[in-house]
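Chemist: Just dropping this structure here.
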Amino acid sequence: MSLRFMGHRKDTVCINVYLLAFSAAMPVVIGFEGSANKIGIGIIRDGEVLSNPRRTYITPPGQGFMPSDTARHHRAVILTVLKEALEQAGLKPADIDCVAYTKGPGMGAPLVTVALVARTVAQLWGTPLLGVNHCIGHIEMGRLITRADNPTVLYVSGGNTQVIAYSQRRYRIFGETIDIAVGNCLDRFARVIKISNDPSPGYNIEQMAKKGSQFVELPYTVKGMDVSFSGILSYIEDMSHKMLSSGQCTEEDLCFSLQETVFSMLVEITERAMAHCGSQEVLIVGGVGCNLRLQEMMGVMCKERGAKLFATDERFCIDNGAMIAQAGWEMFRSGQITELEDSWITQRYRTDAVEVTWRD
């Protein structure tokens with residue numbers, strides 16, 4: 001049975017009474033994700049994924065996705081995805097106890113599109129609203145699926161590259177990219193040699209890399225705990241056509257070489273963070289975390305250190321609604337609610353800006 005929350009302007013006492021009603025129950029949380037080219041809506045109940053449908057905005061080879069076009073795609077399909085999420089879960093709006101949405105970081109226009117729908121749904125259904133940090137959604141989903149205890153987290157996607165560890169109610173960033181994300185580097189390389197965006201450029205690079213046999217030396221830039229990918233991208237953008245036209249290497253060789261170089265950088269800074277934290281667990285999250293070669297390289301490092309590697313597949317690595325629902329579920333259970341007037345979005349929302357009230 002779901003309690004109704006008939007307005008967002010409730011005083012503290014009413015909110016606390018509402019939340020206490022769930023202390024012995026299992027709240028159902030629906031999550032809306034749409035920070036980039038994927039729109040997903042997932043439903044979570046007490047750690048169980050009830051549904052998690054999504055759609056992807058795919059552009060022609062050689063092209064990226066513009067914020068306005070991506071938002072238009074999300075607007076066209078979001079209600080269909082919402083209907084699918086409820087039907088797959090076997091639930092009705094009255095069964096939903098909280099609506100969570102991606103507050104940021106991400107692309108402005110898609111974020112606004114999803115936030116508007118989430119706000120509208122929360123008011124129509126009379127449920128509380130929760131703005132969720134996208135990065136923390138990835139982390140909490142990874143922890144749920146893999147059952148990792150207190151891992152060093154490598155978060156790698158098209159918009160973010162961070163090495164993270166939990167300490168004193170914050171997910172602390174120990175290292176990160178100082179320019180572009182590793183996923184952005186891979187995506188933009190794919191555009192240079194016109195690799196298909198279907199199902200994703202990163203996946204197609206991974207498959208082509210398996211056929212590469214010659215390693216091409218590329219810039220390797222690690223600065224302490226941080227990494228830089230812009231120089232690698234500039235070099236390969238400038239040199240790729242010359243190397244390909246002269247027969248110096250193949251497209252598959254370039255895919256192989258790029259993966260080996262950037263993934264080695266990521267393994268290096270992750271191992272350094274593990275040593276600093278005394279950690280014996282690594283959790284890879286984010287869309288690039290689906291890459292089996294990255295998992296293999298990280299696994300070798302972990303084995304040498306006597307550590308454990310945790311990762312998920314494309315169902316939960318790639319942006320999805322269930323990860324927002326899971327983070328929202330944790331936040332909701334710990335007493336957090338986003339007032340309607342505070343339910344804005346932000347394109348820049350640091351992982352370490354969020355107080356993690358649901359962990360000791």
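Keep in mind that glycine also has a Cβ here, set from the backbone N, Cα and C atoms.
Heads up, here are the entries from TrEMBL:
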BINDING   His134, His138, Tyr155, Asp319  divalent metal cation binding site
BINDING   Tyr155, Val156, Ser157, Gly158, Gly159, Asp187, Gly202, Glu206, Asn291  substrate binding site
DOMAIN    54-325  domain 'Gcp-like'
TRANSMEM  12-32  transmembrane segment
Chemist: Counting Cβ atoms within 10 Å across all protein chains shown, which of the binding-site residues His134, His138 comes out on top?
Modeler: His138
Chemist: Using CB atoms and a 10 A radius, I'd like the single residue among the binding-site residues Gly159, Gly202 with the highest neighbour count.
Modeler: Gly202
Chemist: Whole-number answer please: how many Å between the C-alpha atoms of Gly202 (substrate binding site) and Asp319 (divalent metal cation binding site)?
Modeler: 14
Chemist: What's the CA to CA span in angstrom from Asp319 (divalent metal cation binding site) over to Ser157 (substrate binding site)?
Modeler: 9
Chemist: I need the CA-to-CA distance for Asn291 (substrate binding site) versus Tyr155 (divalent metal cation binding site), whole Å please.
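Modeler: Rounded to a whole number, the Cα-Cα distance is 13 Å.
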Chemist: Round to a whole number and give the Cα-to-Cα distance in Å for the pair His134 (divalent metal cation binding site) and Gly159 (substrate binding site).
Modeler: 11
Chemist: Check the domain 'Gcp-like' (54-325) for me and report the mean pLDDT.
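Modeler: Here the predicted model's pLDDT, averaged over the domain 'Gcp-like' (54-325), is 97.
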Chemist: Among all the protein chains here, how many other CB atoms are within 10 A of the CB of Asp319 (divalent metal cation binding site)?
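Modeler: So the Cβ neighbour count for Asp319 (divalent metal cation binding site) comes to 27.
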Chemist: How big is the Cα-to-Cα gap, in Å, between Gly159 (substrate binding site) and His138 (divalent metal cation binding site)?
Modeler: 13
Chemist: Round to the nearest Å and give the CA-to-CA distance linking His138 (divalent metal cation binding site) with Ser157 (substrate binding site).
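Modeler: Distance (Cα to Cα, whole Å): 10 Å.
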